[in-house]
Amino acid sequence: MHPLFGQTEIDGRGRCRKLLAVMKLLSHRYYLGQIGFCRGVEVKNLERLAHNIFIYHHTKHSFHHLNTELAFPLLAMDSNSDNESDTEFGGLFRDPEGFLPPPKEATFEVYTMRSGQTIKLRLVGSHPLWGFLLWNAGKSSADYLEDKAREWVEGRHILELGAGAGLPSLVCAILGARTAVVTDYPDFDLVENMRVNAQACESLLSLGGTDGSNPKSSPLRVEGFKWGADPETVLRHLPEDAGVGVNGVRGFDLLILADVIYNHPQHAQLITSVKQTLKRTRDAVAFVVFTPYQPWLFEKIVAFFPRAEESGFVVTKVFERMMEKVMFEEDPGDETLRRTVFGYELRWKEEELGKQ
């Protein structure tokens, strides 16, 4: 029995839990005051948002449940919001012990590079930002980066946004990257999981680089980073001799964006971070890879690219691959699209190189 709503409000679909989430959103001044998303939103939409929060933890993994229109504004919320709410309201909204199932244990998946080298990846047990899966775009990115190692990776400075387990960054480190900064939303579980994978990868770095290079120290750096935030958070990981762009400003040679543009409400923030962190040189590239797991949102997802063009980039499609299996077999929508991985590269337009 829940102390606030009682036994009669709890059913198999967890409606009591959804009510708690709605009340938190309605009553907590952080949610209502500090993020524009909640201003003027009708209560019926807050209920839908609360449902999205709920299903993350109480349904089997199924991507189509995710309502990106309503769920992704949660990225603006502070990771300590639950603690603040408990303090402010005397524990009124705190779940009683044993009310929710225990958190899922971490899982592991092994990825095999073309060279035969294997990488054992730790995945968080569950997470609302889907960090508990090794995505097709991550695998395809890693595979493509092996082909482009000499041109894009060896001796280069690399930043991955929305990395999840960080597979592409780990592959880049093994292939001889000078710097590989692995980032995702600044949530403790996500960041700690990236750190575990980075540390586990260090034993493989002596195998990195097609020229047999053996870095003296790990090129991997782990950082929590919110798209659109102060870029100094990640730029500070660049070594002093990393060089600057045509405009005299530091930046990364390669940015990796694997399965992040499905978060279409965050396109503006994502492009801001790309503009602020990609070195302004002719050979710098932002590598964007995605699968339309929600085919009905395809047009919104690919709207990222014309927006990038308007922001000063040349957009080029570099591959389209059909995966053997779809990730979410029971999800609706065109299965061919849901099995397809698309790869694009963004490069600076010539007239953008000298801009600050």
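For all residues, glycine too, the Cβ spot is worked out from N, Cα and C.
Here the structure is a predicted model, which means the values were calculated and not measured.
If you look up TrEMBL, you'll see TRP135, GLY162, ALA163, GLY164, ASP184, TRP227, ALA258 marked as S-adenosyl-L-methionine binding site.
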Within 10 Å of the Cβ of ASP184 (S-adenosyl-L-methionine binding site), how many other Cβ atoms can be counted across all chains shown? 26
When neighbour density is defined as the number of other C-beta atoms within 10 angstroms of a residue's C-beta, which of the binding-site residues TRP135, TRP227 has the lowest density? TRP227
Tell me, how many other CB atoms lie within 10 A of the CB of ALA258 (S-adenosyl-L-methionine binding site), whichever protein chain they belong to? 29
Of all the binding-site residues given, GLY162, GLY164, which residue's CB has the most CB neighbours within 10 A? GLY164
